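J.: Sharing the features that TrEMBL gives for it:
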type	residues	note
TRANSMEM	82-106	transmembrane segment
TRANSMEM	118-138	transmembrane segment
TRANSMEM	158-184	transmembrane segment
TRANSMEM	204-226	transmembrane segment
TRANSMEM	270-292	transmembrane segment
TRANSMEM	312-335	transmembrane segment
TRANSMEM	347-366	transmembrane segment
Amino acid sequence: MSDGSGIPTMRGLFAGVFQNPDDLLSFRTLVAKTLGTLISSSSGLSVGRGGPFTQIMAMIGYLISKIPIFRRANFGQANYNFIRAAVAAGVTSGFGSPVGAVLFSIEATAKHYEIKCLWEGIICSSFALLVFRIAPVLKSELLFEKTNFTGFELDVEMFAFVFLGVLSGLAAGLYCKLMVGLRFIQITLFTKLGLAKPSLKRRIIHVVSICVITATITFSLGVLRISDRLMVNELFRDHSLSFPQWNHISDLPQTALIVYILMKFTITLLPCGAPISCGVFGPIFTTGAAIGRLYGEILLRYWSPAQSPATYAVVGAAGFAGSVTQTVSTAVIVFELTGQLSHMLPVMISCIVAYFVSSMITPSFYDIVAEWAGMKSVCYDVNEYILGRKLAKDHMSIVPVIFTRETTYDEAIQALGCIRRYDLEIGIARFIAVNRPRITETKNQKVAKQIEHLVSKVLDIDKRKIMAVEDLSLLNSEEKNASSTANMLELGPPFSPFEFTSIPVQSYIPQVSD
C-alpha cells in the first residue's frame with residue numbers, strides 16, 4: 001500500500017475501491033510511505049515526490065479526523081472532505097503552488113468533486129505554503145526562481161508554440177508506450193526467473209537492477225547528477241546555459257540538450273512500476289523543460305524568434321508534464337511557479353494541444369499505473385461502451401448483513417462500513433436507470449417480487465463500478481401496492497417493498513465530473 005505514486009491510490013479511495021480505509025490510511029502505512037519516499041528521493045533515482053506527498057498528507061488528514069474533536073460517528077462524506085483538503089495540501093508541498101495544486105488534485109484524483117469543498121482545499125493549501133515560506137529553517141530555500149520574460153504578442157510565432165505542443169504530446173505518448181513496454185519486459189523476465197508472483201526476492205532484484213542501471217548512466221554523465229529543481233531554474237533562466245557540466249558533453253548547447261533529454265528520459269522510465277514509493281511529476285517537468293529549451297535553441301539558431309529559448313522551456317515543461325499526466329491544471333502550476341502571466345497564451349495553447357495529441361496515443365500515466373494496481377474502474381479512459389458490457393458477477397461482493405423492514409438508514413450505512421450514503425444512492429439510481437426498459441408496468445406479484453429482489457441486490461454491488469447519476473425523475477404518485485416504475489424511487493435503499501427515502505436528483509450538491 002505504500003508503493004508507487006499516491007495519486008492513483010487516492011483516486012481509488014475516492015471512487016470507493018477500498019472498502020476499508022483503515023489499512024490504506026493507517027499510521028503504519030504512513031511510516032512506511034514516509035520512509036520509502038525519503039529513501040527513494042535520496043537514492044539518486046529520477047523520481048518525483050508530488051504523488052507520495054499526496055498520499056502522506058491524506059494519511060495525516062485521516063488520522064487527524066480520528067481525533068475526538070474532528071471525529072464522526074461513521075466514516076462518511078465529512079471524512080472524505082477532510083482527506084480531499086489534505087490531498088490538496090500534499091500536492092502543494094510538492095509543487096509550491098496552492099491554486100494550481102488544488103485544481104491538479106481535483107483533476108487527477110476525483111471523478112466527482114463537491115464544489116463546497118473547494119474553499120477547504122484552497123485554505124489548507126495556502127497554509128501549507130505559508131508554513132513553508134515562514135519556517136526559519138527553510139526560509140532561505142527557494143523552489144523555483146521567478147522569471148522575467150518579455151511580453152508576448154500574438155503573431156506568427158504562435159504556430160511555433162503550437163508545434164511545440166504537438167512535439168510534447170508525441171513525446172508524452174512515446175513515454176507512456178515505452179513505460180507499458182518496459183513493464184511487459186519486466187514481467188517476462190521475472191516469469192523466466194521463476195518469480196512470476198510478487199515476493200521479497202523479486203522486489204529486491206527489481207529495485208537493485210534499476211538502481212544499478214541508473215547509477216551507471218548518472219555517474220557517466222555529470223549533468224544528470226544535478227537536481228531537478230536546479231536544472232529547471234537553469235533552463236528557465238533567460239541566458240545561455242551556465243552549468244560547467246554542459247561542456248563535458250559538447251560545446252554546442254543543442255547537442256548537450258539532446259544527450260541530456262535522451263538520458264533523462266531513460267532513467268525516468270526505469271522506476272515506473274517499481275515497488276518503491278516515488279512520483280513522476282518532477283522528472284517529467286524537468287524533461288519537458290529540456291525539450292522546450294532545445295526547441296528554442298534550434299529556433300534561435302535558424303529562425304531568430306522574438307521569444308527567448310527560456311520561454312520555450314517554460315512552455316515545454318507545462319506541455320510535456322500536462323500531456324503525460326493529461327491534466328490542464330499544469331498550466332496554472334507553471335504560472336504560479338514562474339510568477340508571470342505574460343506567457344499565459346502560449347502555455348495554455350501548448351498544454352491543450354499536447355493534451356489532445358497524447359490522449360489520442362495512450363491513456364495518462366495515472367490511468368496506466370491504476371490499471372497495473374487492479375483499479376481499471378477508476379481509469380478515465382474507460383468509456384460508456386466498455387462499462388455497459390461489464391458483467392455483474394465479476395464485480396459483486398458479499399455483504400454479511402441482513403436488512404429487514406425495521407432496519408434504519410443509519411444502521412444500514414454502519415453495517416456496510418465505509419460505503420458512503422450518496423454512493424449507495426447513486427448505485428441504486430444507476431441500476432434502475434439501466435434496467436428500466438426491462439421493468440414492465442404491471443401488477444403481477446411475481447414481477448413485483450422480482451423487481452424488489454433486483455433492487456435489493458444493489459446493496460451487494462461492488463462500489464468500484466458505480467457511474468454517474470442520470471437526471472431521472474420518478475415520483476411516488478401511485479398506491480404503495482402498485483408495482484410500477486413510477487412508484488419506485490431511484491435513490492435510497494429498500495427498507496420496505498417500494499417504500500424508499502426520497503432524495504431528488506436536483507437536490508444533490510453540485511459536483512465536478514469528468
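Cβ from N, Cα, C; glycine included.
No curator has checked TrEMBL annotations; they are predicted automatically.
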J.: Would you kindly list the residues that approach the transmembrane segment (158-184) from elsewhere in its chain, counting only those six or more residues past its ends and only Cβ-Cβ distances under 8 Å?
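T.: For the transmembrane segment (158-184), the list is 265, 268-270, 272-273, 284, 288, 291-292, 295, 299, 305, 312, 315-316, 319-320, 323-324, 345-346, 349-358, 360-365, 368, 372.
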J.: Taking pairs 6 or more apart in sequence, does the count of Cβ pairs under 8 Å between the transmembrane segment (312-335) and the transmembrane segment (82-106) hit 3 or more?
T.: yes
J.: Is the transmembrane segment (270-292) packed against any residues at least 6 beyond its ends, judged by a Cβ distance under 8 Å, and which are they?
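T.: Residues packing against the transmembrane segment (270-292) from afar: 2-7, 32-33, 36-37, 39-41, 45-53, 94-95, 164, 167-168, 171, 175, 179, 182-183, 186, 198, 203, 206-207, 210, 213-214, 228, 231-232, 235-236, 257, 260-261, 264, 309, 312-321, 324-325, 365, 369, 372.
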